[in-house]
Every structure is written in structure tokens, then in C-alpha cells.
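Asks: Take a look at the following structure, please.
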Ligand SMILES: Nc1ncnc2c1ncn2[C@@H]1O[C@H](COP(=O)(O)OS(=O)(=O)O)[C@@H](OP(=O)(O)O)[C@H]1O
Ligand SMILES: [Mg+2]
């Protein structure tokens, strides 16, 4: 980040600032969800998964800002949301809320060192910005990859969630940025957070939130606290480097997994944990905050074993994987092969699951245990 001539410096600089903006938008929406009458900020998509004003608002904001910074309409953005649900006549009140949230957020761009639009965007421009993110990625060229709100369930429950932005260049993740608005910057904060009951009413009293970022080959990853009130983002002063944990004894290691058993087989992971001698209870955390916990050294292992037939999407992993790798960790599929981000929106060819560790020793043990246990499991 120090040398302005370095490749991807501008991209990373803009991406980090945009993710700060997105965090600010999400925090406002999550606070509004506190009020019982505000459930109209949440909708079910045609596949029954949830989507909120924040998902659409972040996607529109990030899409608009990236397009302004990098080449207008020609930019390739792969992102989770489309405009199908939001364009329906019965979604007009949600569309109004999204447009307001986006304009409020874009108006704050100067606070984050960026330039927003001269005039507020209309509904059609907001829909167009969301719709522009319809790229399917691939092996050639640059593709931005966005999960506007990863861990939507955590978000609506007032718990952990992440805004994940990455850029893939010729099939490899080149930059990764994770905004974690409910992940405090203090050490050990995630474990403490998960031990308290994270009622939203308590949130305003906590000092929360950070953005973590990295660039491929830098061997470094950084964390900045979110800014609040009228403060401006002070880039140089606020960043500090983060590193994976040095613990390689399974008995001392902490392992993370998805909260929902639908998203990962908890009992298979418990068997692996037992085989390698992990002693601590799993840390169940929503969203890519699990990758952030490994990159920050708060946990040593992340395992996810989705049910057979589920295809993992690149936006659920790209930013987190690079953060863990550049902070000193190792990530692969459950067969030990690196994840392949070059084959479109899915992690095609993924073998059984995903394993991220703070170091090679733990990683080797987990992969060995997967091989030993797989035959006897019914995944
Ligand atoms: N059936 C199934 N199996 C595996 N994974 C699934 C499944 N369904 C959805 N997803 C994707 O998982 C994303 C959330 O993963 P997490 O690891 O954060 O899980 S959890 O929320 O903690 O349970 C979640 O991301 P978001 O949609 O952004 O929340 C989904 O992309
Ligand atoms: Mg997601």
C-alpha cells in the first residue's frame, strides 16, 4: 500500500473506501431493523432466501462507485443480487427505501475520500447499477466480485455479517476486502462477542467494526476501524497489519464453522475435530467473518462441508480466502487443492468442502482426517 506504483494500488484504495461506505449503509439499515414495524425492509427471493434493503443498497452503491472509478459501463462485476424481486410492483416501497439508502450513502462519499454523483440517483439508475453486476466472471481479464451482505441471516438477527469485495485478475484473486461492521477491532473480540447474547439494543454501546484488506503477493493484510459520526477516513494513521495465529497444537486451536447446520455438516466437522484432537467448542459465526477471524489470529481453523450437490459461489469466498493467505494462512478444498476462482460464478471442481487454517501443520492434519473419515460418512 505504501508504493503508489504498485499494481492494484488504486483498485485496492478505492475498494477499501467503498467497503467503508457500504459498512456505514448496512449499520444504518441494521439499526432500523430494531424497530418492529420495519420488517418491510426484508423480502424473500424466488428461491426463498432473504434479501434486504441493505443487500440491494450496497450492490447499487458499490456498482456505481466502481463504475465511476474504473471505466464506466465496461466494468465486469459479479455479484449476488439481481433486480428480479425489487422490480416487482409489490416491491415499490422497498425500492423507495433502497433509493434513499443509496443516495444517503453516496452523499457521504467525500467523508471516505471519494466523489459521489452531483445529483441524487433516481430509481431507474439505482436498478441499472444493481443490474450491471451481471457478469459471470471467468478465466480472462479483471472481474470484481461482490457479496453485498454475506450472512444475511446474521444481518437480520443483529449478529455478524460481512461486505465482501474482491477483484479477480486472469483467474486469480488479486485483491480482497472484507467489511465486518459488528466485528470489533480489539483482540479476542469475536469470542467475547459470541459469548454475549448479541441483542441489537446493545450494539450501539459497543465500539465496533472494521475493514480488512489485502493484495495478492503482498504477504500482508491490514485492518482499519470503521469511522463514526462526522469523522473522515484517515488512511495512513488508522491501518494496522493483521496476522494469523502461531498456535499449531490442535489442543489449543479454535475452529469456526457456519451457524446453520443446513450450510455445513456440523457432525462431520465434529468428527474431524475429534480425530485431530481439537478440544474447544466450535465457534459458530455467520458469514465470511470466519475467514476474518483466522486472518486476525482469533481462530486457527475454519471448516465448511456443504451438503452434496450444493455449489459454492465465488463471492462467498474470494475476499476471505486471499485475506487468510496473505495474513500467513492456508486455504484449500477438503482434498487439499487450492480453490479455483477462474471458472465462473461457482467454485467448480471443489472437492467436498473448504478448509482454512492458520498454518500448514494444522491444515495437513485436517485434510488427513477428512480422507480418513470420508468413507464412513454419509455426506
Ligand atoms: N445449502 C447451503 N449450503 C451451503 N452454503 C449455503 C447454502 N445455502 C446458502 N449458502 C451460502 O452460505 C452463505 C452463508 O454461509 P455461512 O458460512 O456464513 O453460513 S451461516 O450463515 O453461518 O450458517 C450464504 O451467503 P449469503 O446468502 O450471502 O448469506 C449462501 O451463499
Ligand atoms: Mg454470501
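In case you wondered, yes, glycine gets a Cβ from its N, Cα and C as well.
Unlike curated records, TrEMBL annotations are generated automatically.
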Asks: What does TrEMBL list, out of 68, 80, 81, 375, as binding the same Mg(2+) as 147, 150, 316?
Replies: 80
Asks: Quick check on the binding-site residues 80, 147, 316: which one has the highest count of other Cβ atoms within 10 Å of its Cβ?
Replies: 147
Asks: Using the Cβ centroid of 80, 147, 150, 316 as the reference point for the Mg(2+) site, which residues of the same chain not in that list have Cβ within 8 Å?
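Replies: Surrounding the site, in chain order, are 146, 148, 149, 162, 164, 288, 313, 315.
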Asks: What residues, ordered by sequence, lie under 8 A Cβ-to-Cβ from residue 150 (Mg(2+) binding site) and sit at least six positions away in the same chain?
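Replies: Correct list: 161, 162, 163, 164, 287, 288, 315, 316.
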